[in-house]
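One structure is given below, encoded as structure tokens.
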Amino acid sequence: MVKVLAVLYKGGKHALEEPRLLGTTENELGLREWLESQGHHYIVIDDKDGSNSVFEKHLVDTEILITTPFHPAYLSKERMAKAKNLKLCVTAGIGSDHINLDAANEYKITVAEVTGSNVVSVAEHVVMTILILIRNFIPAHEQIVAGDWDVAAAARREYDLEGKVVATVGAGRIGTRVLRRLKPFDCKELLYFDYQPMNPEAEKEIGCRRINDLEEMLSLADVVTINCPLHEKTKGLFNKQLISKMKKGAYLVNTARGAICVKEDIAEAMNRGHLSGYGGDVWYPQPAPKDHPWRTMPFNAMTPHVSGTSIDAQKRYAEGTKRIIDRYFKGVEQDDADVIVTGGQYSSAAYGQRSKASVGGTLKM
Ligand code: NAI
């Protein structure tokens, strides 16, 4: 009998009315029957923060932990030290930065995620957010809801995407898909910065260009989109100093992780007009506090963490979570691309440049 603990977000009436909301505490990733029929013990909770949380209580004897980036249960080294039975952490989705990966290596815990499960969902959200910002959609729509009609007020900040330079920080599965989806918009240039080059055929087909210097790329871009994982080299990367290298009036879209940007520095650049718009769906911490400055700064296109949790994506990451756990039960090796850390070392090459990284996470699709 294996104890499996899942920390998911509450779906309330929405989850009861829509059973395909699989990532909720009510619908339990659709795993209960499958796990219990094999005699395993499945606990699903949402209370995750603080030392008196239900999460801390259950963690002590859990063997498999399922978490999700949408409602991250932060697994610190201290918490891991108490989790004596923990062998496998599965991220239902993509992005395992809420787990202290170095500590997972120290405790020889495997961390796996459902690689590729929601990359299309996020890429679509990025393209939508770029368009929403550059076309000044939100203020124009708000006029209509308020009963107003002022074409000039909306149009004075409205531009075409055609002829602009768009750049991505990170050109893995999501970054590549964003660039590919932008190709028909006839942008002036599509640029990327990544220590792993895109495969040459994809680069040629998309017509994008790799730039080796991040600051140089930012100085050229009208729109910047962040599509790299959060790790020690990207935490707080977009701070006052780096934002100052961006073109005045540029737009920044971040669906990667909130902590890649310094929240006060973003708000300051937006209030000053150095940035014309900021959008995305990721925050730190999550849920975002009511007074988080990104909620109220002008010209923001922020949403809760929804881009990777469309109904279609939930089906894929629920199936992927089951696949990973099934392999664990059967003692079958995990798919390389799903494994972030295992056996005390990084397996993915996407979480920063490391000498021991294998090719597991390098696949560019
Ligand atoms: P991926 O592993 O396919 O690609 C990530 C790329 O970022 C890799 O090519 C890697 O070399 C690059 N990278 C890492 N550090 C970098 C740095 N310092 N500068 C430039 N590039 C760097 O991952 P994928 O699937 O494209 O996802 C990327 C991230 O997007 C995830 O780690 C996660 O944080 C976020 N994400 C957000 C979702 C949402 O719902 N908002 C859903 C899925 C992913």
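Any Cβ shown, glycine's included, is placed from N, Cα and C.
Taken from TrEMBL, the feature substrate binding site covers ILE94, ASN118. Proximity of ILE94 (substrate binding site) to non-local residues of its own chain (separation of 6 or more, Cβ distance below 8 Å) is seen for PRO69, GLU113, VAL114, THR115, GLY116, SER117, ASN118, VAL119, GLY308, given in sequence order.
If you look up TrEMBL, you'll see ARG173, ILE174, ASP194, PRO229, LEU230, HIS231, GLU232, LYS233, THR255, ASP281, HIS305, VAL306, SER307, GLY308 marked as NAD(+) binding site. Long-range C-beta contacts of SER307 (NAD(+) binding site), restricted to its own chain and to partners at least six residues apart, with a cutoff below 8 Å, comprise ASN118, SER121, VAL122, GLU124, HIS125, VAL126, THR255, GLY280, ASP281. Mapped onto three states, the DSSP output places SER307 (NAD(+) binding site) in coil.
Marked as domain 'D-isomer specific 2-hydroxyacid dehydrogenase catalytic' by TrEMBL: 37-331.
Marked as domain 'D-isomer specific 2-hydroxyacid dehydrogenase NAD-binding' by TrEMBL: 128-307.
Taking the Cβ of ARG257 (site 'Important for catalytic activity') as centre and 10 Å as the limit, one finds 25 other Cβ atoms among all the protein chains shown. Per TrEMBL, the feature site 'Important for catalytic activity' maps to ARG257 (among others).
For HIS305 (NAD(+) binding site), the same-chain residues that are 6 or more apart in sequence and have a Cβ closer than 8 Å to its Cβ are PRO69, PHE70, HIS71, ASP281, VAL282, TRP283, GLN286. Summarising the annotation, TrEMBL assigns site 'Important for catalytic activity' to HIS305 (among others).
With respect to Cβ neighbours within 10 Å, the binding-site residues ASP194, GLU232 differ, and GLU232 shows the lowest count. Listed in sequence order, the recorded positions among ARG173, ASP194, GLU232, ARG257 whose CB lies under 6 angstroms from an atom of ligand 1 come out as ARG173, ASP194, ARG257. Distance from the CA of ARG257 (site 'Important for catalytic activity') to the CA of ASP194 (NAD(+) binding site) is 16 Å. Looking only at the binding-site residues ASN118, THR255, the densest Cβ neighbourhood within 10 Å occurs at ASN118.
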